[in-house]
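Here's the structure, in structure tokens; my notes come after.
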Amino acid sequence: MTPQAKLIFTTSLFLGTTLTISSNHWIMAWAGLEINTLAILPLISKSHHPRAIEAATKYFLTQAAASALVLFASMTNAWHTGQWDISQLTHPVSSLILTSAIAMKLGLAPFHFWFPEVLQGSSLTTGLLLSTVMKLPPISLLFMTSSSLNPTLLTCMAVLSTALGGWMGLNQTQIRKILAFSSISHLGWMAIIIAYNPKLTLLNFYLYTLMTAAVFLSLNSMKTTNLPTLMTTWTKIPSLSAMLFLTLLSLAGLPPLTGFLPKWLIIQELTKQDLIPAVTTISLLSLLSLFFYLRLAYCATITLPPHTTNHMKLWHTNKPVNTMIAVLVVLSTMLLPISPMIPTII
């Protein structure tokens, strides 16, 4: 793909995202989602590998179905209320359809099956876009309609997402699939709190974006896509392996790292709302995803590769770590001390 084409697609991607986030009218938001989908498809299929084409096809079909449901939900609401304003989604059927459509767009369980397959068929940089930028418009729509959403439905979907994200990631050896299930699990935490404190969902999403960007860019710098090759990368860039280790632990939500902050605040808010069974369940289910984060962290830094396997040691490079990765890793690990400021912001 030529640089000019890449620039056009990336610009369209950010244009679609901005259009959806800044719109008040359902048709404008829908148009932004469509621009986003059409802009990312060439980036997914740019390698012309059969798996990449398959991923692009799956992505297109899922997103087209979800966009049709968004349009249907907004038209049903307009039919009953005469309102096209996003914040005026008051009809219960429209709210239900929209929740399903956004869940499909995000890859929230039970509409999550497409996401690991699409991420596995994409490159690491496209995978980063799919996991972060592409999730911002649907989450902003959820944020704008949060007062009309059904809390029980969202709680059920959130618990299911955390369970499936943790459970299905346990047996994976492909890092992109592990990160896809990690994303599904994190979306569960965002979905459970959206009806009670939408700003916490946005905070969780921003911090998740920071940590995921650090992981994806580190893996892209190491040229690693599966666990066996991850075991040998410590010989190439030891400092980056150490950074990846800390970022993975932060993504798992271990204190005193940044990833602990949104989980702590969400647990606190759900406890205030007397949702003790839900918060206990989702906290215990997050231990499943903790296992595969620890497995990734173990493979990245602690283990020596077994001598029985044939592998080639990578040359140690003295090339300094990319500044952007260094900044993202610092933010992904050291933001917990700002937690006293959060109540003043939210």
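For all residues, glycine too, the Cβ spot is worked out from N, Cα and C.
According to TrEMBL, the protein has these features:
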DOMAIN    23-288  domain 'NADH:quinone oxidoreductase/Mrp antiporter transmembrane'
TRANSMEM  56-75  transmembrane segment
TRANSMEM  95-115  transmembrane segment
TRANSMEM  152-171  transmembrane segment
TRANSMEM  178-196  transmembrane segment
TRANSMEM  202-219  transmembrane segment
TRANSMEM  240-258  transmembrane segment
TRANSMEM  278-300  transmembrane segment
DOMAIN    290-342  domain 'NADH dehydrogenase subunit 2 C-terminal'
TRANSMEM  321-342  transmembrane segment
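Counting Cβ pairs under 8 Å that are 6 or more residues apart, the transmembrane segment (152-171) and the transmembrane segment (202-219) reach fewer than 3 and are not in contact. It is 240-258 that, among the stretches 56-75, 95-115, 202-219, 240-258, 278-300, forms the most Cβ pairs under 8 Å with the transmembrane segment (321-342).
The listed stretches are 56-75, 95-115, 240-258; of these, 95-115 has the most Cβ pairs under 8 Å to the transmembrane segment (178-196).
Spatially, the transmembrane segment (95-115) is not adjacent to the transmembrane segment (240-258); fewer than three Cβ-Cβ distances between them are under 8 Å for residues at least 6 apart in sequence. Panel annotation: around the transmembrane segment (56-75), residues 26-27, 29-30, 33-34, 37, 40-41, 44-45, 84, 89, 94-95, 97-98, 100-102, 104-105, 111, 114, 117-118, 121, 141 of the same chain, lying at least six beyond its termini, place a Cβ under 8 Å from a Cβ of the stretch. Mean pLDDT across the domain 'NADH dehydrogenase subunit 2 C-terminal' (290-342) comes to 78 in this model.
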